[in-house]
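What TrEMBL says about this one:
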DOMAIN    118-311  domain 'Peptidase M28'
DOMAIN    380-600  domain 'Endoplasmic reticulum metallopeptidase 1/1-A TM'
DOMAIN    614-837  domain 'Endoplasmic reticulum metallopeptidase 1-like C-terminal'
SIGNAL    1-26  signal peptide
TRANSMEM  332-365  transmembrane segment
TRANSMEM  386-411  transmembrane segment
TRANSMEM  417-443  transmembrane segment
TRANSMEM  455-471  transmembrane segment
TRANSMEM  477-496  transmembrane segment
TRANSMEM  517-536  transmembrane segment
TRANSMEM  556-578  transmembrane segment
TRANSMEM  585-607  transmembrane segment
Amino acid sequence: LTEGRGALLVLLYLLGLRALVQLSHRQLLSRPSPAGPRDFSARRAREYLDNITAIGPRTVGSPENEVLAVNYLLEQIRAIEKESTNAHKFSVDIQRPTGSFSIDFLGGFTSYYANITNVVVKMEPQNGAEHAVLSNCHFDSVPNTPGASDDAVSCAVMLEILNTLSKSSEPLQHAIIFLFNGAEENILQASHGFITQHAWAKSIRAFINLEAAGVGGKELVFQTGPENPWLVQAYVVAAKHPFASVVAQEIFQSGIIPADTDFRIYRDFGSVPGIDLAFIENGYIYHTKYDTSDRILTDSIQRAGDNILAVLKYLATSDKLAKSSEYRHGNVVFFDVLGLFVLAYPARVGTIMNYIVATIAFLYLSKKVIHSKTRGVPNLKKLLTAFGLTFLSWICALVVVLIVAVFVSLIGRSLSWYTHFYVSVFLYGTAATANLILVHTLAKKFCYRNMNEQYLGDLFFDASLMIWSVALCVITQLGLCSAFICTLWVAFPLLAKLMIHKEFSQKGATMKFVMMYMLGMFVPYLYMMYLSWTVFEMFTPIMGRSGSEILPDAVLAGFIVVITVILSSYFINFIYLVKSTKMTLITLTTVCVVTLILVCSGIFFPYSSDAANPKPKRVFLQHTGRKFHDLNGNVVKSDSGIWINGFDYNGVSHITPHVPEINDSIRTPCEQQAPFCGLPWILPVHFMFRWVKNWYLPAPEIFPRSPIHFKVLSKEVTPWNNVRLSFEVSGPSHMSLYIRPHKGSSLSTWSLGDGRPVASIGGDYFVFYSHGLQAAPWKFWLELRAPEKHSGGIVSLAIAAHYFFGEDQKSPQLSALLERFPNWTFSSGWSCTYDLFVF
């Protein structure tokens, strides 16, 4: 086999697979059918979506969220109810719950909410229903964004599903509860208020949560359960355009992605199983001003509506919903095949299948090793040596590629691929491939100089098979459902090898062997390309909002190495079949070096303001007024400035040329004596940002028209010699409370959550507070164990007020600064105050 012919075949093979995957992700394989008289109508759903987003940003506590959005939803719900058939009974409720809970998301913190809003609709048979399925969306948005995909489109889809079902003359067996929740962006508060306090919550046996991590495209099922495999089966049977992956579920639940959904609340606080779906395409504009309704394709709305309507109808007419407790045990392996259909089977069946496949592979390898008694030990040594060389090539590829990624980051060229993804493939993919080939070329030259090429090809196939078989056993033993991927990479290559073994042994049949070999590998390679496309589509945009603590180039380079290793695992033996790899190595090295030079030159700008496909840099600016009080209540320090956070590793290096005063001379100092460094974090994400990549630009003091009021109600010593401090706070809709017990003191209990304080990363305590309209002052107490001598106080407590809307949101100085930011940024700004006290 000549080098040029072999390399060309592999390249054409992978490009062909990529074309099939691209075809699938462009939704050409499952285009929705036109709507009929009783079908879901994307046109009507788009009208709902346009009207919701026309309200503007819907921040919790704002009139837009608490009044205008609520009134619009009620108006549409009443219109739908008015035209409903007699087969259904409607009940509508406006819930305004108050509550508190702790959560281990973002390192752990406590949440308190007051008088937030839920719009709840129950549709049931005329004679009522004992059991219900819940459909959940949220109509609030993050500040300064229209929130079309997150999550107005889901609410529009739910309205149209409600409209479609209401016109059906067929009664449902169970109730469907539609929850339009008004405080999800405040870290899942409204769903907690509903599932823990609403009277209808007790009837819910399953739920579907509609979310977004991107703008449009297919909606991915990325969480199910816990357990309750019958829910996945319901999706498999009912969904018209399935897109689901247990791999995505295990990645998301590992905590790698810094996000969470209402799924967690229903699972943890309601003990209800469910299905979590999210749009994942184009995450670059998620939570930005570009998240507008016109960017969501009608086909995406139709596809989501078809799927969710079908699944809801299936669940609402299923006998299993009423007896869900009988079917709750067991996990399930599930994955879609190019969006055509979903394969799903119990995890215990998968475990048996995995071990059977691994056993067959080990038997095959054992037979190869001990086919001759006199050569058994030497054959085993050769197999283990090939195993070691293969593993060594992987390690070398990873190390070299990570060195390149770190170098690129250190010279200030991080995220060069953010707008131009192909740059990462040309830089890191070629480097990884070249290193893999180089290690095996050197091994062939120095370790296997006079050995038969066909024997070496066979040997390294067996080495790859052995690696995948070991990985299959390990991952299965860990209880991960994603082990099915390893099963594909063991079963199909082994089957292909057994089928073409005679072809390989025939002299002059090498090309025929290669063609049949590639055909036999078609299934695992196609699925891996399909899966990797989805992974990169999700993870690449996340690198632009993952904070300044991690190197995004190193993360993406690591992913590329892993994909390269997987895709090359059964092509390594080709290196030993070809006569030379010189030209392939030269070509790969040239592409890598040229790309590296271009990256270092800065030709690939990370961000884009392209109107059709923007990829903005995210920057948060808070015009902050700070006051630090001593134990006697005296102000010992005060300042005012605009606190600036860049949400990626590049900080503000690209912004400084446009706004020169934002430079390294105004790095944010950390106030060591204050919790969270004395800075007004809206959420406890401090661990994602390095202090050297924060900036504090001096600015005039701000004077909010609705200032915060903080007072101590009482100080008392409990019978068990603890100190209890009671407080009252009133202020804007969003406030953050930061608590740090002094040395020798400890926070033993408080009036928040379940009474057990939950510390954030670093040991300080963080409480996120929000309220809707007409909320009473916030009253809470802390109880601390104090040492006998505490002349410097026992606790430092700080309170920050965040003004996300209204006349206090932006000062003239903040507005002027925001105007100067380049158009390739999404700069979100608001005003806030910070007061530190010692008690």
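Note that Cβ sites are derived from N, Cα and C of the backbone, with glycine treated the same way.
Please treat TrEMBL annotations as automatic predictions, because they have not gone through curation.
In summary, the transmembrane segment (585-607) does not lie against the transmembrane segment (455-471): fewer than three C-beta pairs, each 6 or more positions apart in sequence, are under 8 Å. Through the fold, the transmembrane segment (477-496) approaches residues 246-247, 249-250, 331-335, 347, 350, 353-354, 357-358, 360-361, 364, 461, 464-465, 468-469, 471, 516-517, 519-524, 527-528, 531, 566, 569-570 of its own chain, all at least 6 residues removed from its boundaries and within a Cβ separation under 8 Å. The stretches the transmembrane segment (417-443) and the transmembrane segment (332-365) are not in mutual contact, being linked by fewer than three Cβ pairs under 8 Å (pairs 6 or more apart in sequence). In this chain, the transmembrane segment (386-411) lies close to the transmembrane segment (455-471): three or more C-beta pairs between them fall below 8 angstroms, excluding pairs fewer than 6 positions apart.
Only residues 6 or more beyond the boundaries of the transmembrane segment (455-471), in the same chain, are considered here, and those with a CB under 8 A from a CB of the stretch are 358, 361-362, 364-365, 368, 382-383, 386-387, 389-391, 440, 444, 448, 486, 489-490, 493-494, 497, 504, 569-570, 572-577.
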